[in-house]
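A short worksheet on the structure shown next.
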Amino acid sequence: MGGQKGVMKDPPQENGAIQTNQYSAISPPGSPDAQEEPFSTYFEEKIPVPDDVTQIFSFRKLWAFTGPGFLMSIAYLDPGNIESDLQSGAKAGFKLLWVLLVATVIGLLLQRLAARLGVVTGMHLAEMCHRQYPTVPRIILWMMVELAIIGSDMQEVIGCAIAFNLLSVGRIPLWAGVLITIIDTFVFLFLDKYGLRKLEAFFGFLITIMAISFGYEYIMVAPNQGEVLKGMFVPYCEGCGPVQMEQAVGIVGAVIMPHNIYLHSALVKSRQVDRGNKKEVKEANKYFFIESAVALFVSFLINVFVVAVFAEAFYNKTNMQVSDQCNSTGSPHRDLFPADNSTLQVDIYKGGVVLGCFFGPAALYIWAIGILAAGQSSTMTGTYSGQFVMEGFLNLRWSRFARVLLTRSIAITPTLLVAIFQDVEHLTGMNDFLNVLQSMQLPFALIPILTFTSLTSVMSEFANGLVWKIGGGIVILVVCAINMYFVVVYVSALNSVLLYVFSALLSIAYLCFVGYLAWQCLIALGVSCMDVGSRIGLSRHTDIYLLNDMDSDGQMERYKDVQQ
């Protein structure tokens, strides 16, 4: 990239000084002098890392870095993912487990980029976008990410409300469950005042509850282990049709969530790392990657539990079979399933009911406890994401309570309206819409993270190499294409000319903005022919500005080493 002109070019040196260079579209929000003192966006406590200089690998250090990856992994276990898992098992049996495995591995690679950005620069993705993109694209980007957070939060809060409804045998209506979730989320969000480690331990406790709950269901149903392994490692879907293909696309969309990239890049800032020390930065990247891999392995196992339970017990079941079973057991939900021979359609509410009909009330209540843990934990991390995104993009300087209140209100208001005007048995259509909404926002996290982690001027020697640039670009292109297919399938099923026209107009604006971000990304990846900005004089940018803003000494020293 050293010989190219434009947006993503590294500055040449002359007589020991770093010179300014042309930038086509990316510019800082202001001069370095105009910047205020660094503002703590959330975690005020920094976890110290022990010194084990003689060891290549240290479990003490791994323990010190353990926490952010598990908080990040909760997004892989939210009610939207659980619903995608049970629908995958009910519609395709064990055949799509390999899709879940591939999606989780891709998610790990993307989370690696997010963690590296936070560790190397000391800035999370939203802060980086604030400093690098012009005002209009930055505001649009913020709005798109907020939409993703709202969509995810609706699924999570509704999931908690459904769990309360199941546990109370219908006595707690959906809207009341939403209000309870809002209140207890506010309480839990301030646990970090008692220490960051206690907060992380609480999240670990919720993950343990999920593992025990869904693991209990797995042991009770006792799926065929050979079929589980075959579905996990044989990338083939025998006899699959459009329904199964759409479900496979839905798995990818549910697992890889845009706001989680922003979240992880911020969470890693909670550890004491001297960013001027190459060894410490490299070590932090290593341990955060190991921790993320372990956390996502745990989340993968929990997802497998859910898929396997519904694949073994309810694959190819009809509504008639389920209705007869619920009637024979005297279930209070026996009228939920029509007495016809159509294939069983389940969501997290009906899934719990079906488990109760076939395996007893204990299975239903344990399922509800697992859903409650999934919804509560993901609601909290979703709120953290909202704070990081809003603080970073808008450069807020509000009090902690005001920031929590605003981010919660933006996400909770539409959820409460849905809960008031919608009953618990008919939420599947809304869930499909929210999955589509989040799928559409995916490029607004993946493209910026690849852009910034590929810039030597931002990441110095920790910038993506050629393999990561090409591989990351291909992965992001494939993931975005898969999710766009999911969106097209959903829109084509609307059967409304007016909605088609409206969708077409939105698509034009959407693709234009994605094209803009992709253009910036290609220049960062070294495609110099795309850098037309310097030839038409769009704007100027001082590359060293960002380096000074991020770290007065450490980042500069590493940058000079790379140039030499």
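From the backbone N, Cα and C atoms, a Cβ is placed for every residue, glycine too.
Taken from TrEMBL, the feature compositional bias 'Polar residues' applies to 16-25. If you look up TrEMBL, you'll see 1-37 marked as region 'Disordered'. According to TrEMBL, the feature transmembrane segment maps to 97-119, 172-191, 203-221, 248-267, 288-311, 353-374, 405-422, 442-459, 466-491, 497-519.
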- Query: When only pairs 6 or more apart in sequence are counted, do the transmembrane segment (466-491) and the transmembrane segment (172-191) reach 3 or more Cβ pairs under 8 Å?
  - Reply: no
- Query: Considering pairs 6 or more residues apart, do the transmembrane segment (97-119) and the transmembrane segment (442-459) have at least three CB pairs under 8 Å?
  - Reply: yes
- Message: Which range wins on Cβ pairs under 8 Å with the transmembrane segment (203-221): 248-267, 288-311, 497-519?
- Response: 288-311
- Which sequence positions outside the transmembrane segment (442-459), separated from its termini by at least 6 residues, show Cβ-Cβ distances below 8 Å to it? 1, 8-11, 110, 113-114, 116-117, 120-121, 125, 128-129, 132, 141, 144-145, 148, 253, 256-262, 265, 468-469, 472-473, 476, 479-480, 483, 514, 517-518, 520-521, 524-526, 543, 546-547, 559, 562
- Item | Segment proximity, the transmembrane segment (405-422) to the transmembrane segment (172-191), 3 or more C-beta pairs under 8 Å | yes
